[in-house]
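Structure incoming, see below.
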Amino acid sequence: MASKFFLLALLAMSASRAIASDPGQLQDFCVADRTSQVFVNGFACKDPKTAVAEDFFFSGLHMAGNTSNKQGSAVTAVNVAQIAGLNTLGISLVRVDYAPNGQNAPHIHPRATEILTVLEGSLYVGFVTSNPENKLFAKFLNKGDVFVFPQGLIHFQFNLGTNKAIAIAALSSKNPGVITIANAVFGSKPSISDDILAKAFQVDKNIVDNIQAQF
């Protein structure tokens, strides 16, 4: 009986590992063929004999992003859309630039855990757990500090300093996806009914209409 229980537990752990990140590759690499008309979970592979070094290369993370926007931040992504060779490898990267008082607004990555390190400046960061606790885990970070945002949880970064800040983050998917909460709720196309949002946020419909107008 004990051996059967152990076997079931082992299978459960194996299954959880299998769905915890992008599917594992069954070959050295699978360079994305973005011209393929085959629809798969990710990208079809191009013939590995045609792969070249440029399929695994990106240049540009040394350049600061343009933070002249309402949020005061800029995200430079390096995922499978920029490096075709990341296909099936289950990892990607972003550089985030923050103006003073700039923020990477509350958002989620539906397909990835994120690990972020501050290269310059200081940040106030945090994430919120799922219902019903909705507990906030937050911390002030300085240069060289590292913080983890678990997959699928709402998280944010805010530059409290008077100088710019820079961070680099790795994500556990070639295509982690991003859903900015405010954009999704108030800027969806078509719009979510203001009656629904007014009831959800317990505010007057005019307030909802004014917020939606910003998006």
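The chain as shown is numbered from 1 upward.
Note that Cβ sites are derived from N, Cα and C of the backbone, with glycine treated the same way.
TrEMBL lists N104, H109, E114 with the feature oxalate binding site. According to TrEMBL, the Mn(2+) binding site annotation covers H107, H109, E114, H155. Residues or ranges marked as disulfide bond in TrEMBL: C30-C45. If you look up TrEMBL, you'll see 59-209 marked as domain 'Cupin type-1'.
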Limited to the domain 'Cupin type-1' (59-209), I'd like the whole-number average of pLDDT.
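Mean pLDDT for the domain 'Cupin type-1' (59-209): 96.
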For N104 (oxalate binding site), write down the residues of its own chain that are at least 6 apart in sequence and whose Cβ falls under 8 Å from its Cβ; none is a fine answer.
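Residues satisfying the criterion: Q71, S73, V75, V96, Y98, F156, Q157, F158.
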Write down the Cα-Cα distance for C30 (disulfide bond) and H109 (oxalate binding site), rounded and given in Å.
23
Near the Mn(2+) site, what residues other than H107, H109, E114, H155 in the same chain have a C-beta no further than 8 Å from the centroid of the listed C-beta atoms?
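Output for this site, in sequence order: I108, A112, F127, F149, L153, I154, P176, V178.
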How many whole Å apart are the CA atoms of E114 (oxalate binding site) and H155 (Mn(2+) binding site)?
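Pair distance, Cα basis, whole Å: 10 Å.
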With the oxalate site defined by N104, H109, E114, which remaining residues of that chain have Cβ atoms positioned within 8 Å of the Cβ centroid?
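Not counting the recorded site residues, we get V94, H107, I108, A112, L116, F149, H155, A169, L171, P176, V178.
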Just to confirm: which same-chain residues, 6+ apart in sequence, have a Cβ under 8 Å from the Cβ of C30 (disulfide bond)?
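Result: F43, C45, P48, N87, T88.
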Please give me the CB contact count at 10 A for E114 (oxalate binding site), counting all chains in the structure.
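There are 22 such Cβ atoms around E114 (oxalate binding site).
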